[in-house]
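J.: Grabbed the feature section from TrEMBL, which reads as follows:
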- 38-57: DNA-binding region (DNA_BIND)
- 15-75: domain 'HTH tetR-type' (DOMAIN)
Amino acid sequence: MDASLTAAVSELGTSKAAARIRAAAIEVFAAKGYGATTTREIAASLDMSPGAVYPHYKTKESLLYAISLEGHHAVLAAITAADYPDVAAPDRLTSTVTAYVIWHADNRASARVAQYELRSLSPVHFAVIADIRRSTTKVFTRIIEAGATAGDFHPFDIEAAALAITSLGVDVSRWFPSHTYSDPRIIAARYVELALRMVGCADPQPLDKPS
């Protein structure tokens with residue numbers, strides 16, 4: 001385990017009680033918003049006193065940071081595990097976009113909190129999360145660059161394409177599920193096709209209308 005990951009784990013809180021507190025906070029933050037939620041409400045949802053939360057998380061902001069840190073590390077790990085640098089860029093983009101979209105659909109409550117409450121973090125904590133987000137975007141940027149070098153992709157703007165792909169994936173956590181899309185695998189497949197078209201894939205798959 002590298003030093004940055006070790007530090008991240010220590011910030012999260014490793015006990016079962018800390019994990020329960022994070023899970024409860026995710027549900028309340030996702031439903032009410034960080035600003036409208038009190039530590040007392042989070043504790044009450046677990047039949048705990050506010051004082052019982054304090055040994056694990058000294059402030060509401062430190063709890064938000066732990067949730068955000070956990071979520072951002074998890075999504076970066078998901079796409080890193082899905083990326084195989086030795087395969088063709090279209091296949092790499094397919095596997096990483098699939099992992100990215102499915103993660104945000106499957107973990108939509110924690111993703112909403114981690115992604116949409118960033119401005120409530122302290123400047124120091126925000127800087128840590130911003131660095132992880134840059135690492136996540138770089139995974140897609142490098143794949144697009146590799147595809148452009150190989151002639152598989154013809155992107156108009158590599159940085160813009162990577163930002164568009166990550167932004168679309170993040171937003172899945174806001175609206176999923178919908179009447180049209182209720183299966184994470186299906187919406188992931190749709191977004192893969194859109195991503196391939198955005199980067200100017202030489203041979204994109206046909207994009208049929210949803211039934």
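Count begins at 1; order follows the chain as displayed.
Cβ coordinates are placed from backbone N, Cα and C, and glycine is handled just like the others.
These figures come from a predicted structure and were not determined experimentally.
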J.: Quick check on the domain 'HTH tetR-type' (15-75): DSSP residue counts for helix, strand, coil, in that order please.
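T.: The breakdown for the domain 'HTH tetR-type' (15-75) reads 44 helix, 0 strand, 17 coil.
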J.: Which whole number is the mean pLDDT over the domain 'HTH tetR-type' (15-75)?
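T.: PLDDT averaged over the stretch: 93.
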